[in-house]
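To keep things clear, I will list the structure first and then write my remarks on it.
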Amino acid sequence: TQGFALADNVYRTMISEINNHFILISGESGAGKTEASKKILQFYAVSCVRTEVLDIVRDRLLLSNPVLEAFGNAKTLKNDNSSRFGKYMDIQFDHQGAAVGGHILSYLLEKSRVVHQNHGERNFHIFYQLVEGGEDELLHRLGLERNSENYMYLVEGECVQVGSINDQSDWKTVRKALTVIDFSERDIEHLFAVIASVLHLGNIHFEASRGYATLNSSEEIHWLSKLLGISANLLQEALTHRKIEAKGEEVCLPLSHTVHGLKKELLSDTNKYFQNVLLQDSSRKTVIGLLDIYGFEVFDVNSFEQFCINYCNEKLQQLFIQLTIKSEQEEYEMEGIEWQPVPFFNNKIICDLVEEKHRGIISVLDEECLRPGEPTDLTFLEKLEEKLAGHPHFVTAIRYCHRCVNLFNNRNFSYLGFVDKNNDLLYRNIKDVMRQSKNPIIQQCFPSSEPDSKKRPETVATQFKNNLFSLTQILMSKEPWYVRCLKPNNDKRPGHFDDVLVRHQVKYLALMEHLRVRRAGFAYRRRYEVFLKRYKPLCPDTWPNWKGTAAEGVELLVKHLGYRPSEYKMGRSKIFIRHPRTLFATEDAFDICRHELATRIQAKYKGYRTKGDYLKQKEAATKIEACWRGLQARKERERRAWAVKVIKKFIKGFMNRNQPVSMDNSEYLAFVRQSYLTRLRENLPTSVLDRTSWLTPPPIMQEASVILQKVYTRHLVRKYVRGITAQRKAQVPLQTVCLNCHLFVPLTQYSVPVIKYDRNGFRPRFRQLVLTQKAAYLVEEAKIKQRVEYSSLKGVSVSNLSDNFLIFHVTCEDIKQKGDLVLQCSYLFEALTKLCLVMKNHKFIKVVDGSVRFDIQPGREGVIDFKSSSESMVYRAKNGHLIVVSHGKYVKKGTLLLFLGIT
């Protein structure tokens, strides 16, 4: 829970302050540092924003751990999963706080474990996982057997099987993780070929021959050649001989010892191969660094490895002291803050003892390893005693007894093996052979572009010191956060706290001193410029711009916020806030203010954008209006110019109207003719015989008017005659029709064929309509069907369409009288004219629009609906109405009356 809370605080601080941070996890071996780093990684993987790309980053963050643990962790006497290297991971975040990439750096790998393990310890996990969990086909290709007991590098600690470790299950996890972190099957094959080659190297037997080493392991050489992609002869020569330059010439000398350096280098470089398993984003991002490294180790026999590991932890402890206890107290004094110093042990003297130039233990060890002659561990010890005899934190057995080499207890280091382990050389000719490898991983670990330096390689201790220095430089560039892991007991028992052990860790980790400084000091401090820049929106006097000094602005700001004197102190360049609650309250106020400012900025910006859009629209509208007005003005000018020209011509033509046709009056005279003809068309005489209503023509049209009048009269007479002639030709001879009707033949005035529609069902019947002086007869083949007295005729209805229908409306005095007649006549105008002349009355004719009602019989009415369409038809509708559809033009009442000669 505390780890999650700290990870959350780091994340929020990084987002708000936009700077880089790192989390240093420290403690004894077995205190839970690796597990703490896993929990922090899980927190960032789960709590960050989720996208497809970020899910890949999350999976790689989580699954990079099993791979790195397999290649860098091992069982020790105090921890079954002890980190034997330093793992520094940078997690990259974008401006929204999403994890977008990362980078892993491996430091200070305990390479000596590859070739040597103490009793009760194991080699790195990956060797056992490959041998015990690898697929049969894979082991066959690598030349391995499923038995860890068969490999010298796996049995030296006599601890092949461990109850808390399941190598088969861990192998499956590692194989899956390698796939997730984007290793192809080919890359995985090459990777395990390197691991298998280390095991084969461990099984090579060297035999002494006249003081030099010879090989007696042809099978192992064969597998090494196959796995590394190097000629067997080249390998054998590289493992047993060394090339040196003597007076400008290369001389090949036989080796007298084994080449453990190659075995260590293969695993070390393979470990570095995993530095890019995360998706690294090269653009500038804020990062959170996470350092998980081995802790303090104190064994019954502490050798060179424990010396390097504990030196690393002393260096990190010095960094902790420098960044917290020491720097904080020095800062109070430098800023002029009243302060009671808290005493603490500064381990810088211990670090100087180890790393000081020319006098430190590492310098003495390197000097002894590089001097001519045969350096031994005892000569190294004597050299230390010579140079560091007066140091208060250094003591050797020589000071008491030259022969008491076994005097040391578990609080000291055994000097045996220091010189040999520090002299971990990889000769140049071996590197040259490795560069010829066809294995891509070996090619990357031994690049051909690497400069071939003839300088003696750095010793192990010097490499260790330089790597540690580069690590501290990275950490010093970021804001520090700490996770201090305490080991509860040495027996790996859950729920049990060893008070003595815990107090001891609290003491040497300087946690009490740190707590005293924190309790007596101030929880928060910032430079005036930074503090003012962040919180100046909270005070109207400092927002938006403060003209005075930063210290004056901060003083004004804290007074406005209501800080009490006991809650803060003003230093020379910084403000110090004592209690976190004061800062939290300020942050809460800042969050509220920030939202208000954001709202105001948004409003201003939206107003600015809206105003800009409005001005653009206004400018566009003004341009459009100007263009439109210009266009209209040009058109108006042209229209007026045309009007002036026309008026001038009209006046000139009017003035010369009585002159012969010329250019001056031609258009005017044409206008006069057109105007007269237009008026004449709309005011033609209403009767053929009416000659008085003809329009008076202008002088120019006098002759034309007379001709038009004659032509028009002749045209009407000719048209009327053509109609009468056609009718006469189509009519049934009157004598035939009225063969048996001798009584009214002499009185017949007019006869015409018609279609009569029954009153019931509207069935069509062909009939002849005969008009006499007193009545109208409807005749069928000389048989009178119906007689209509003119005195009983109420009126005749016709439609305003060209359907030729007429309805005789008859007065029905008794029930025996038939109803109205519904007729259709092709010579409608002629028949109506004759009817009007016979009856000497035209007012009984009615032109209807739409529909007309008629009497089917006394007391019963029918309806005829007149419609216009593209197709003529007559039918009975479902509602009982007679529907008459015509396609002709409308017949105006004026046209009918004109034809009848009625004014």
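Every residue, even glycine, has its Cβ placed from backbone N, Cα and C.
A TrEMBL annotation is a machine prediction, not a hand-curated record.
Going by TrEMBL, these are the annotated features:
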BINDING   Gly27, Glu28, Ser29, Gly30, Ala31, Gly32, Lys33, Thr34  ATP binding site
DOMAIN    1-591  domain 'Myosin motor'
DOMAIN    709-888  domain 'TH1'
REGION    468-490  region 'Actin-binding'
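Sequence features annotated in TrEMBL and their locations in the structure.
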residue	record	Cβ contacts under 8 Å, 6 or more apart
Gly27	ATP binding site	Lys33, Gly295, Phe296, Arg484, Cys485, Leu486, Lys487, Gln505, Leu509
Glu28	ATP binding site	Lys78, Gly295, Phe296, Glu297, Cys485, Leu486, Lys487, Gln505
Ser29	ATP binding site	Thr76, Lys78, Asn79, Ser82, Tyr294, Gly295, Phe296, Glu297, Lys487
Gly30	ATP binding site	Lys78, Asn79, Ser82, Gly295, Lys487, Lys492
Ala31	ATP binding site	Gly295, Cys485, Leu486, Lys487, Gln505
Gly32	ATP binding site	Cys485, Lys487
Thr34	ATP binding site	Glu69, Asn73, Asn81, Ser83, Asp292
If the ATP site is taken as the center of the Cβ atoms of Gly27, Glu28, Ser29, Gly30, Ala31, Gly32, Lys33, Thr34, which further residues of that chain fall within 8 Å of it by their Cβ?
Asn79, Gly295, Cys485, Lys487
Could you give me the DSSP helix, strand and coil counts for the region 'Actin-binding' (468-490)?
9 helix, 7 strand, 7 coil
What average pLDDT does the predicted model assign to the domain 'TH1' (709-888)?
80
Lys33 (ATP binding site): tally of other CB atoms within 10 A of its CB:
25
